[in-house]
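According to TrEMBL, the protein carries these features:
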SIGNAL    1-20  signal peptide
TRANSMEM  53-75  transmembrane segment
TRANSMEM  87-106  transmembrane segment
TRANSMEM  126-150  transmembrane segment
TRANSMEM  157-177  transmembrane segment
TRANSMEM  183-203  transmembrane segment
Amino acid sequence: MSTTIARTKPAVLAPVTAFAALTIAYVAANARTPHPDASGQDVLAYTTAHAGLINAGALLLLLSAAPLAIAAGLIQRVLRGPSLTTIGAALAAGGLTFSALFAWTGGRLTDSAAPALARALADLGYLSGGPAYAAGFGLLALGIAIPAMLDRKLPAWLIWCGFGIAAVAALSTLALVISGFGFLLPVVRFAGSLWLIAVAVVLSRR
């Protein structure tokens, strides 16, 4: 068992790096996407004018789901943590997948489509890749931080950062009912990715 874990440690860094790179590429491709408070007409105008960019972003988002799930499985094996790690990763990866599918579907709309349909698809994509993803990533962070704290397999500052990200992720889900909490969603995505990279680097060197 110890031999298997020793071989797993260096492998953790690859999927985490892939996930972070795909996430950055996706955000760059979708930097000008209309905000959740944009009108259906604005969303439709953007999607019909940037269908290729939307499809590329959807592909990047879809591809990022797999390395996240793989990384969580490898980290759970190294830490011998609870199934909460993989459950959270599955929920987060599922959110990314559905968000990608909704984005791709929205990118196929034509000028004659109803603005309300464009807004609805954009909302579904936002909810899947935003609050739903954040909720799953929060569970993933808890699944890593808890066993790491008990067994001291990560530095204390990194463990507490994990708890902090989990707390921010929980608060960000309130964006479903209070739009003001929406600013926390990018924090979960970017800070969470950086934290996951730090976890992978530490585990790969131990």
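Note: Cβ is positioned from N, Cα and C throughout, glycine not excepted.
TrEMBL annotations: computationally assigned, not manually curated.
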Given the transmembrane segment (183-203), its same-chain partners at Cβ distance under 8 Å and 6+ residues beyond its ends are 9, 12-13, 16-17, 19-20, 23-24, 27, 71, 75, 78-79, 130-131, 133-134, 137-138, 141, 144, 153-155, 158, 161-162, 165, 168-169, 171-172, 175
By Cβ distance under 8 Å, which residues at least 6 away from the ends of the transmembrane segment (157-177) in the same chain are close to it? 127, 130-131, 134-135, 137-139, 141-142, 144-145, 148-149, 184-185, 187-188, 191-192, 195, 198-199, 202
